[in-house]
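Asker: Pulled from TrEMBL, these are the listed features:
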| type | residues | note |
| --- | --- | --- |
| TRANSMEM | 17-36 | transmembrane segment |
| DOMAIN | 18-455 | domain 'Major facilitator superfamily (MFS) profile' |
| TRANSMEM | 56-76 | transmembrane segment |
| TRANSMEM | 88-104 | transmembrane segment |
| TRANSMEM | 110-135 | transmembrane segment |
| TRANSMEM | 147-169 | transmembrane segment |
| TRANSMEM | 272-288 | transmembrane segment |
| TRANSMEM | 309-327 | transmembrane segment |
| TRANSMEM | 339-356 | transmembrane segment |
| TRANSMEM | 363-387 | transmembrane segment |
| TRANSMEM | 399-418 | transmembrane segment |
| TRANSMEM | 430-448 | transmembrane segment |
Amino acid sequence: MAENSSKDAKQRAPDGGWGWFVCLGSSLISISLRSLDPSFGLLFHDMLKDLNVDSTGTSIIMSILDAIVNFSGFIIGPLLKKYSYRQVALLGSFLSCSGLILTSRANSMLHIICTYSILVGLGTGLATTSSFVALNTFFNKKRGQAVGFSMAGTAFGMMLVPQMIHLLLNEYGFRGTTLIIGGWASHSIAGSCLLRPLEDRLPEQTHGVIDKKSDEEREDEALLRKGAVGRRESNGALWTNEQNMTVESSPPRISLVKKLKESLDLDLFKDFTYLIIILGCSLFYVAETNFKLMVPFFLSNIGMKKRDVAFCLSLTAFADIIARLLLPTLFDRVGWNKRMIFWIFGTTVGITRSVLAEQTERMLLMGMFTILGFLRGATLVNLNLSISEHVTLKKLPNAFGMFMVFKGFLVVIMSPLIGYIRDVSGSYRICIHVMTAVIMMATLIWTIELTYNAFRSRRLGIVKRLQMHISP
């Protein structure tokens, strides 16, 4: 049944048409809500200094934000089963905009945590995940290309937003700048409106007779739409015919455990390959998050000026954009497995970072950051696609939500350990090598699992051929 529902979803995916507007909407959401992340220190520096908030307090604000974004995965699956991805994205966009606008009036660290870390974090998690589910609904063969285009917008925004914030701070200060950014974030509402639910295609035999229904038939349809199952179909939420039959035939009383199991798709925990995938992706995410935070400090520590540091980061972002725009189209045409692409490029990213950590020459570093940006773009495009490729569309919201929660836990556990290693060793180089070791750990786990599956498939094939020869 899962395979059939997956095939149905693939047949319905238009791979174009309105899907490109969905891609535009997803890009607007990402640009509006995620482009601010690298500029947090630039925007909040003076305000936190006036409030006497030290580095620990700053770290707490960012840690809570990241945790809320990831732990929103607990509720994203059930929400997308009851409501459409457009409705959930609109809710998330509204929360994020409201949080930024309220943050402009902040006068304490607690105020910033409540409005920025919690409200903006929750809204961002809901909106970005909903847009990703929408993209997977509208695209199948061109899914990598669509995700690459939408993510390229985020990288482009990360290049422009720091310059914009710098100019706005000089003119309007923290409060005015944050208020303007709240208005900038409202573009995510427009992006959410573009996430139109994908309608099921009607059978050809019904064409031409739709408008000939009697008034009685129309009234019957209106009454049916008031039912829970009909409402779920009309709003674009991810329910299939098999689920509708289950709801209609189920007994009136269902145990709480069974409700939770169905609502959260807990049977995903029985899928060993899925668990290995989210473990590997989460380990890479931990290394990626910590590397982004430490790169400016590493470059400053080896004697580079702020202008050169900014230029290196811009080179990385530019190469990242090029990779996200060009490579997904190539990979979709070739038909390569998204998880395999992520596995290869992720390993290359780790090795390149360790080589980069041993360099001190300015021109060589700039060249390596350009290469690293290209490899990073190719890897991150396939990060989420590695999950959506493995599960059916019906289970994607909960599968992605569990991944968000899992990587959130790993960030909370492993990031302080990486910071502790930096404090004890006093070396950013060692820290970068540790992050490479984390990526290699993910590579090793995936290599073992892929090798086991390959031998298992080969053995099953041999057994099947022997049975065919033995049977009369």
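Cβ from N, Cα, C; glycine included.
All annotation found in TrEMBL is predicted automatically rather than curated by experts.
What's the neighbourhood like for these features in this structure?
Answerer: Long-range Cβ contacts of the transmembrane segment (17-36) within its own chain (Cβ-Cβ under 8 Å, at least 6 residues beyond either end) map to 43, 89, 93, 96, 120, 123-124, 127-128, 131-132, 134-135, 138-139, 146, 149-154, 156-158, 160-161, 181, 184-188, 190-196.
Sequence-distant contacts of the transmembrane segment (88-104) (same chain, at least 6 residues past either end, Cβ-Cβ under 8 Å): 29, 32-33, 76, 79-80, 111-112, 115-116, 118-120, 122-128, 130-131, 134, 174-176, 178-179, 181-183, 185-186, 188-189, 191-193, 195.
Sequence-distant contacts of the transmembrane segment (147-169) (same chain, six or more residues past either end, CB-CB distance under 8 Å): 23, 26-28, 30-32, 34-39, 42-43, 46, 131-132, 135, 139, 176-177, 180-181, 310, 314, 317-318, 320-321, 324-325, 327-329, 377, 380-381, 384-385.
Listed by sequence, the residues of this chain that lie at least six past the ends of the transmembrane segment (272-288) yet keep a Cβ under 8 A from its Cβ atoms are 339, 342-343, 346, 350, 376, 379-380, 383, 386-387, 390-391, 399, 402-403, 406-407, 410-411, 414-415, 418, 435-436, 438-439, 441-443, 445-446, 449, 453.
Through the fold, the transmembrane segment (363-387) approaches residues 132, 143-144, 147-148, 151, 155, 274, 277-278, 281, 284-285, 288, 299, 304, 311-313, 315-324, 327-328, 331, 338-339, 341-342, 345-346, 348-349, 352-353, 355-356, 396, 399-400, 403 of its own chain, all at least 6 residues removed from its boundaries and within a Cβ separation under 8 Å.
Sequence-distant contacts of the transmembrane segment (430-448) (same chain, six or more residues past either end, CB-CB distance under 8 Å): 276, 279-281, 283-284, 286-287, 290-291, 294, 298, 339, 343, 346-347, 349-351, 353-354, 356-357, 414, 418, 421-422.
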Asker: Based on Cβ pairs under 8 Å, which of the stretches 56-76, 309-327, 339-356, 399-418 lies most in contact with the transmembrane segment (110-135)?
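Answerer: Result: 56-76.
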Asker: So what's the average pLDDT for the domain 'Major facilitator superfamily (MFS) profile' (18-455)?
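Answerer: Mean pLDDT for the domain 'Major facilitator superfamily (MFS) profile' (18-455): 81.
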Asker: What residues in the same chain, six or more past the boundaries of the transmembrane segment (399-418), come closer than 8 Å to it by Cβ-Cβ distance?
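Answerer: Apart from its flanks, the transmembrane segment (399-418) reaches 63, 66-67, 69-77, 125, 129, 132-133, 265, 268, 274, 278-279, 281-283, 285-286, 289-290, 384, 387-388, 390-391, 431, 434-435, 438.
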Asker: At a C-beta cut-off of under 8 Å, are there same-chain residues at least 6 beyond the transmembrane segment (309-327) that contact it? List them, or none.
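Answerer: Same-chain residues near the transmembrane segment (309-327) but 6 or more away: 148-149, 151-152, 155-156, 158-159, 162, 295-296, 299-300, 365-366, 369-378, 380-381.
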